[in-house]
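Written below as structure tokens is the structure these notes are about.
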Amino acid sequence: MASYKVNIPAGPLWSNAEAQQVGPKIAAAHQGNFTGQWTTVVESAMSVVEVELQVENTGIHEFKTDVLAGPLWSNDEAQKLGPQIAASYGAEFTGQWRTIVEGVMSVIQIKYTF
């Protein structure tokens, strides 16, 4: 199965030992595998860990949740942008969405498979 690597924010990491301890947990939260690589991107404030993700997640379990999607102005826009927004979370767009603050923020429903 095809995979790719991304850097995921991990908060400040103070040592390689700490990164090796928390990296696998962060990766698991994103359905991925920690590669062992990490770097500090803002001194004393933010580090990132490298995670390998599968292009398509498989499994028998599903979990649906709402995620922020920025302002969406119509169903047509939501249906067009929803799949890409969901993909950025490693999930699939269910087609459901709603506005939570008029003119400011909408949410889309996504489905994780694992």
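Note that Cβ sites are derived from N, Cα and C of the backbone, with glycine treated the same way.
Taken from Swiss-Prot as is:
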BINDING   12-16, Gln20, 36-44  carbohydrate 1 binding site
REGION    56-60  region 'Linker'
REPEAT    2-55  repeat '1'
REPEAT    61-114  repeat '2'
Tertiary contacts of the region 'Linker' (56-60) (same chain, 6+ residues out, Cβ under 8 Å): 1-2, 31, 90, 112-114
Which of Thr40, Ser44, the listed binding-site residues, has fewest other Cβ atoms within 10 Å: Ser44
Trp38 (carbohydrate 1 binding site): tally of other CB atoms within 10 A of its CB: 22
Count of other CB atoms lying within 10 Å of the CB belonging to Asn16 (carbohydrate 1 binding site): 11
Secondary structure at Pro12 (carbohydrate 1 binding site), reduced by DSSP to three states: coil
Three-class DSSP secondary structure - Ser44 (carbohydrate 1 binding site): coil
